Structures are given as structure tokens and as C-alpha cells.
Amino acid sequence: MRPPRPGSGGGGGWGAVRIAGRPRPDPGRPFPGPRAAPCRALRSTCARTRAAGGLGRSRAEGGGSRAGAQGAGCVERAASVRGLGGWRKERAGHAQWGGGGGDGRGRRGDCCLFAAGPTRRRRRRRSAGRQRRVQRPPHHARARLRAAAARRRGPGRGGCQTPRRGQGSGGGGGAMVVTSSARGGGGDRAPSRQRGCGLAPAGAAALLAGASCLCYGRSLQGEFVHDDVWAIVNNPDVRPGAPLRWGIFTNDFWGKGMAENTSHKSYRPLCVLTFKLNIFLTGMNPFYFHAVNVILHCLVTLVLMYTCDKTVFKNRGLAFVTALLFAVHPIHTEAVAGIVGRADVLACLLFLLAFLSYNRSVDQCCVGECFPPTASPFFLLLSLFLGTCAMLVKETGITVFGVCLVYDLFSLSHKQEKSSNGVIPHRSPQQPRSPQPSSLPAHPLRENGKQQRFPHKGAWGGCHSPLPPEPKSSGFPVSPRAVWSMMRYLTASSNRNFLLTMRPFLKRAILVISYVIVVLYFRLWMMGGSMPLFSEQDNPASFSPYILTRFLTYSYLLAFNVWLLLAPVTLCYDWQVGSIPLVETIWDVRNLATILLAVVMALLSLHCLAAFKRLEHKEVLVGLSFLVFPFIPASNLFFRVGFVVAERVLYMPSMGYCILFVHGLSKLCTWLHRCGAATLTASTVLLLLLFSWKTVKQNEIWLSRESLFRSGVQTLPHNAKVHYNYANFLKDQGRNREAVYHYRTAVRSQDKKEEAIILLKDSIKYGPEFADAYSSLASLLAEQERFKEAEDIYQAGIKNCPDSSDLHNNYGVFLVDTGSPEKAVAHYQQAIKLSPSHHVAMVNLGRLYRSLGDNSVAEEWYKRALQVARKAEILSPLGALYYNTGRYEEALQIYREAAALQPSQRELRLALAQVLAVMGQTKEAEKMTIHIVSEEAGCLECYRLLSAIYSKQELHDKALDAIDKALRLKPKDPKVISELFFTKGNQLREQNLLDKAFESYKAAVELNPDQAQAWMNMGGIQHIKGNYVSARAYYERALQLVPDSKLLQENLAKLDRLEKRLQEIRDKDHT
């Protein structure tokens, strides 16, 4: 096609408008219009109408902006038009602004096209060469254009207002009407935007929020289940009473220090702060925790629809369907119904906001040009900030920066096709390629549908040397198009101006990449330079010694995760320990799924490369980016993760799946007839209903721990871990907090314990390498005093799992409890040998030596454990050792450090107050104990300690009142009640209330006949009152309990002397 002639009404080429009664002209030749008319005739003709290249409003349709059309020194007034068209006008060899426009309605003008005669055409041909070399129009012409553009834009923001439906954004001369495809999703946003559905944005948002609440409303009745217990209830940074301190920013998600060897290394302080805020506002009520998760899921759904509407689809209906599919997908149940899944949901929300901010930072009015500049540094910095917040909520949030850069390079900085006249065509996806020149606007269109100000600066083609034309293609041979596009890209890259051209993008990329490097360095520094330690049962494939097994298994796991998105039929809260067997050979049939996934991903990638310089198929690019990038941290590609499959980590990648799925449906609709499209629509509605039903049913599973653990056994009966968890729930074994998985459960009856034994045996059968199952089963048998069976289970476990340090440690505890401490020493030492950082075994060994009376060796093991981890649970037994050996100063120092590490632990503060009281610092001890009582009014030990403190201060009334308060708590242990009555008797005795004291002592020995001190004090009272016979009886009863008591022997000797003296007095009286 020949270039347009300067001075023509539009810049889109000749023959863009059909003339009634005339044949369609040849697109390669100028339109054979009439000869030039006199100036007066021209003014008369243009006064009637001006078609501006064939598309525009007639005079009767109303006015728009004003455009000039002048020739041979005469000024004509164009009819009212909506846009500003071509800018060349010739007067005395001077290039000025002029042209015309159209409103983009696609209506044909009611007058014939104005054309100049041959003489004038020759003059225009001569001036065309000069005007093509003009890089910028004159200053006054630019000002005139800006004013016209401002009138055309109206009150929109920055000139980028979305045009009204049915109206174009400008561009005269072309006869094309750019519309959105009602079924296709490819390409850039068109100037005229179809809504695609009859819903207003507010109505669509209300429907999405309603669908989300209906699917997840049942979860509001749930309790703290599974990981919620350890992330919230037992987390020292979160649980009620724990002060808000900087430890939140130095500990991991579970409350452990990031530098500790046992830390999970999951640094999510912002998510922990939301838990803390929940407790501060509403307490430990799980209803409000679940409510926040549901609200966040609704927000993510709404922001996803907005994101798809603004950056992905041209059709708002497709964006709505994408968000609706995301709202009801069952794979999100764990992330929304499980409270700890808030990390994934909140990180996804910040992910989308960071992406939108980055997109907003790029000059939207220059999108479509070669590498548009940064229009708003504020939004770019905001994107960095939001991405960092997403990372501090969950680690996958940092992948948003990779998505932004890919979207910037392949979508915002794209290359549009140019016609031979230098104009960038903007086709509707429904419009086929045709030699008919009826679809060329006068000026290139930006991404938002507006005209570009300077056509020669609008695309890569204008920035580089001419490139070889791309071969025509109907869209199916993707690979040749991709290769050809890359060849053109590399050819352009060799241009010496290429780096200068892409400087705006390079600035953004360098800033983002540098910032990501700094953030990652900070993240590694927080981890102490070490990766988390996982066991083989967490991720068996990563421990395989064979590279082929690891590669095949990791590849199959990718296909398995995609299958969970496509068909979420089998869902489980835990996929560890044998749920997915390793792929060890290339002949495994599961490799077919891996190959299929590789082929599909390769085709989609080549499809993106084939169209990466044009406004085509952004849906595939964004969908792949959203699907792949957030999943990279969980893919085992760069580091080992602590799970095989986790449904919650698919929350963010599912956005990409939803985009690709809906885009595929829209493309399929374009290939089907009307009947087939209706069937496909009905199938989609049915799929959404099935997904909603599955989501509601999954919410019922997450209501309680029992339903959750039972569902795991029913769904994956060969998973040893789910058998273990359900057995723990049934038997309520009261496991130590330092155990590997730390599961505390409740049990109600003996029958459930028997069921737990059966399940644990099944767990051992399905997973013979599962050491925790042996420990749990043996502990349960020991609770039932089936010690022989328990010992056999421990020995079988050590035989099958000889490298399990925990199993050796637990067997040592069992041997100590059954009276074999000498054998326990060997197993404790073996546990330490297998795991030199096993501080639990070191503490147990120290306790064993202390029970044997070897305090010096016990102290050495305690100090060695402190070298591994300086924890409160290690400091506490060392402080008790110092206290019991009379080293109060050292005990005070140790307890102060332990209380500083865990200020919310009542036992440590109570022990510290006890040491202070013994050392005579009664005021500080009293203040600390009263503070503990104010936090927990039912603290029995606090009242006992207060009684001792007041007794030391000789405040016997207060001491007696504290004991009475302790007795009103009604403790269940008879020995504890006996101790309280004994203490009360002492206080009454100090007040010389001997009769009441005797009654208290008597109540004490009735509850605990072995209370030797009470018997002795009762004898002392009777001794004082002169009842020597009763006193002797009480003394002798106490002496039976403590035969070596010197005090009793002295009291009996005194009693003997008194009785002897009394007998002598009686004998004298008789004589």
C-alpha cells in the first residue's frame, strides 16, 4: 500500500470509505476522486460534511472537537468530529497541524469523500518526502494539538479516560471500528470496551463476595485445628498474655528463634502480627480468626477480577468468570478454612496489589511504544513496598517482582505491526486479515485505545532499522512464528540504538533486581545463613541418593499439582510419608503425565514468544506468569522444602490456572457453533456448581481436629502420617512439647485408646521407617502398664530406624520410668551421638545424673545443652539444681534469664519469685507473685508462695488468708490439700491458736497419713498442753515414718524426762 498523501483528511490511506454506487477501489492505488474544485466550492462542500477518512458523525449528529482542513491558502471548517486525525497541512511549504477525525461509531457519512485534483496531488507527493523527515511538529502546532486533545479527552485522568461504549478514542481517516471481542480474549484493550455481561462492576463484586461467603461460611464454626494449635495457641509470640515485643521480628512462624537449628526458617512476621491483632481485639475466639480469613479471600477475589479486567481481558465478563472460578475452587479450602492459611491468602492480596502498582507506574499513555517510560516513581516504589510486605507474610510473595518484569518486557514494551504507510493497525480479534484497506486508523493506537501523538515514534519498528517482514500465519503453526519472532528480536537487539531505546525498561529492571537481591540477602541473614532441616518423611524424594529418582519424582509432582487444580477430587491435609510413591524408573506410567505437562507448557511458551511483540494473547502470558512464578519456591528446584504436596501453596498459582482456563473456554467458544457454545456455557456453569459443592464439603472437614484427622485416614489410608495424627488424637498421651511433631490431643474413653493402638500398628505397617509411630505406640502401651509390649515396640523401632535419635531418647525415658536408669544412659548418649545438637537428650541425661545424686555431672550436661540452644526449658532445670544445692545467687541469675526469654511462662516467674523470697527479697517476690495472681486467679502455687512470703514478713493474718484462698480453689489431689492444711496449721500455731492448729494438722493426716510433720506437730501441741500420753502416741507414729529424725528423738527424750519427773513428783506425794 502506498503511503498517505499529506493534506488528506485522514492518515489511514485512500479508499477507506465505500461510496454508494461506485466499485471498491484497488488498495494499491489512490482513490480516483474528482478534480480539484475552486476554493469557494471546497468551502461549500466541506461545510456540508467532513467524513475524516470515511468514518465520522454527520453534521446532524452533534458536535465534537474542532479540526482544520485547509488547502491552497483556504481554511475550511470540518464537520463536528470526535477525534483529531492527521496532522499534515501544506501552506507555502510550511507543515502545520490539520486533519479530521471520526467518532469511531462505524457509521457511514452521507456525503462523498473529498479528494484533490492531480495537480495538487503532485504538490503533495513532493512535500510528503520533506514531512516524513520532520521529527516533531512546530511549537504552535503542538500546542494546538494538545488543546484539541484536551477537548476530546474531557474530564478523564491524564487523558487516558476509557472511551464510552460505542465511541472511538479518535483517529480519523480509518474506516475500522475497534471493538472488544465478546468471546475472544486476545490482544490489548480496545478503545471501545464491551462489558461482556449485563452486570455492573458493583453487581459483579457483590456476586463474587456472596459466592465466597456461601462457600466458606461454614468454616466460621470451626475451631483451631492441625497447625493452628502450634502457630497460634502454643506460639509464645501470639498466645494471650504474651506482650508485643521485637521477638516477633526475630522468631519464625512458630515462635522459635530464626537462628536455632530446630527452626522452620519460615519468617512471616506480618502474618504473626495479624494473629496478635486478632487476639487483642477478639481474644482466642476462633470465629473471628476464620472471619478474617473469609474476608481476605473475598478481597483477593475482587482484586483478581479488577486485575483481569485492567490488564488481561478485554471482556469484563471473562474477568468475572475468572474471579468466580477462583472464588469457589476447592483447592483453596486449606488456605481459607485453616487459620494458618492466612499467610497464603494475605500474601496473594499483596501480590496482586504490588502487580497493579507496578503496572500503574508505567506510562499507560505510551504503552505500545518501544519501552514506555516510568510515569509514576511513587507507584513503582509502592510496588516494591507491597512486594516486600507480601514476602514478610509468606515467602512466595517475592515472586511478584519476577511477574512484573516479565509482564513489563513482553506486554507493556511490545512491538505492534506496522503497515507500509507507517501506521500501526489495530485489529479486532474477530477481524481477519484482509487486503481490503478498511481497518486502518490514521494513527497508531495506544494500549488504552488513544491515538499516538507521533506515529513515527510509536513502536520498535520506528526505533530500529528495518526488519524482515514476519511470515503470514493463521495462528496454528506456533513454533515457526515463535522462532521468526525471536530472530527479529535478535536482529533488533543488534542495533546500536537498542540499549538506548530500552533504557526506561532497563532502569526499572535494574532497580527491581537490585532491590530483590538486597531483600534476599536480608532473608538469608535472618536465617543465620543456614537452611531448615527436614527429615526424610517430610520430603522422601529429596533424600533419594539417585539423581534420576529425584528428577522424575519432582517432575511428576509438578504434573500432580496441575491435576489437583484441574480435578480437585482427592484432597487431604497431609500428603507426606508414602502418599505419593517415588518415581524411580523411566518406565513408570506416571511419566506420561509429566511428558504431557511438558508439551503443554512448551506450546504455551512458544505461543507467547510468537506474539510477544504484538497486542495478542496477553492472557497466556499473564496466566503462565501467575501460575509458574508463585510455585517456584515450592518446586524443590532451588532448595528442599518440608512437604511433598501442600494444597495451600496452590492458592496463588491457581490465579494463573483460572486465567488460562477461562481464556481457553473463550477461544473454544469462537471455534464452536451457537449450539456448541451454549453446551460449553452450560458445562461451565455445572462445573462451577460442582466446585462450590466440593468446597462446602471440604469446609465441613476442617471444622474440628477429629473430623480433619479422620478424613485423612479415609482419604489416604496408606499414609502413615495421617494414621499417626489420628491415633494421637484418640489416645491423649500428653506428649512432651519437644517431641518432633508436637501433637497434643484429647481422649475420652478406653475404646478409643484401643482404636489408637490399631491405627498406630497400621501406621507402622504402611511406614516401617516412621519412627514417631513406634514411640507413640510404645508410650500408649506403657500408659496401660503393658510394659513388655512397649519395650518390644521400642526395640523393633530401633532395629528398623537405627538412625532415629528421637527414638533412642524416648526409649531412654521409658527405661528411667521403668527403673532401669543405667540402661537409659546408653540410649541418651546414643541419641546425642546421632544428633550432636539434641539438647533434649542432654537435658534428660542431666536430670538422670541429678536423680542419681551426681550433681556435678548433671550440671555439665545442662551447660552443654545451653551451648546448643539457650532456651528457657534448659535454663529451668539448671536453676532448680542451683536452688536445691543452696546456690541461690546462681539460681537467681539463671531464672532471671529464663524469665526474660519467656516472660509469659508462669512457672518460670513463680520459680524466680520463690528464689527471691528465699534470698530475703520479699518485696520484689511479693510484687511478682501478686502480678501473676492478677493474670491467673486460679494459681494455687501463687497463694502458697504468698503465704510463705507473708509468714517470713510475720504477717500471719495475710498468710492465713492466702492459704484459705488456696483451699477455696478445691484442688483435686489429696496430697496437695493435705499440704495446704499443714501450712494452715503452722500459721495458726504461730498465732498461738493451738486448738485450731491441731484441727488443721488432723485434717492433713486424714488426707495423707504419711505426713510425718503433721503427726509430730500434733504431738507437740499435746506435749505443750500436758497430754503426754497422746503426745507420745503422735510422736511414735511420726517416728515410724521418719525413724532417723533427730527432732522427734529429742522431743521423745524431753517427753521421757517430763514423764519421769512427773512420776517422781507423784511418788513423793504418795510417800
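Backbone N, Cα and C atoms are what each Cβ position is placed from, and that goes for glycine too.
Quick caveat, the model's predicted, so the values are computed rather than measured.
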Checking feature assignment: transmembrane segment per TrEMBL, candidates 204-223, 624-643, 864-883. Which range matches?
624-643
Need the matching range: TrEMBL marks transmembrane segment on one of 266-282, 317-333, 351-367, 385-401, and I'd like to know which.
317-333
Among the recorded stretches 287-305, 317-333, 547-571, 624-643, which has the greatest number of Cβ pairs closer than 8 Å to the transmembrane segment (675-693)?
317-333
Could you tell me the mean pLDDT over the repeat 'TPR' (940-973), as a whole number?
88
Using DSSP, how many residues of the repeat 'TPR' (978-1011) fall into helix, strand and coil, respectively?
27 helix, 0 strand, 7 coil
Below 8 angstroms Cβ to Cβ, which residues of this chain, lying six or more residues outside the transmembrane segment (624-643), approach it?
264, 351, 395-396, 399-400, 402-403, 406-407, 531-532, 534, 538-539, 541-542, 554, 557-558, 561, 575-576, 601, 604-605, 608, 649-650, 652-653, 655-657, 659-660
With Cβ-Cβ distances below 8 Å as the criterion, list the same-chain residues six or more beyond the ends of the transmembrane segment (317-333) that contact it, or say none.
182, 185, 195-197, 199, 204, 207-208, 211-212, 215, 297-298, 300-302, 304-306, 308-309, 564-565, 568, 571, 647, 650-651, 654-655, 658-659, 661-663, 665-666, 684, 688, 691-692, 694-695, 698-699, 701-702
Positions whose Cβ lies under 8 angstroms from the repeat 'TPR' (978-1011), at least six residues beyond its ends:
944, 947, 951, 956, 959-960, 963-964, 966-967, 971, 1017-1018, 1021-1022, 1024-1025, 1041
Tally the residues of the repeat 'TPR' (940-973) by DSSP class, grouping H, G and I as helix, E and B as strand, and everything else as coil.
26 helix, 0 strand, 8 coil
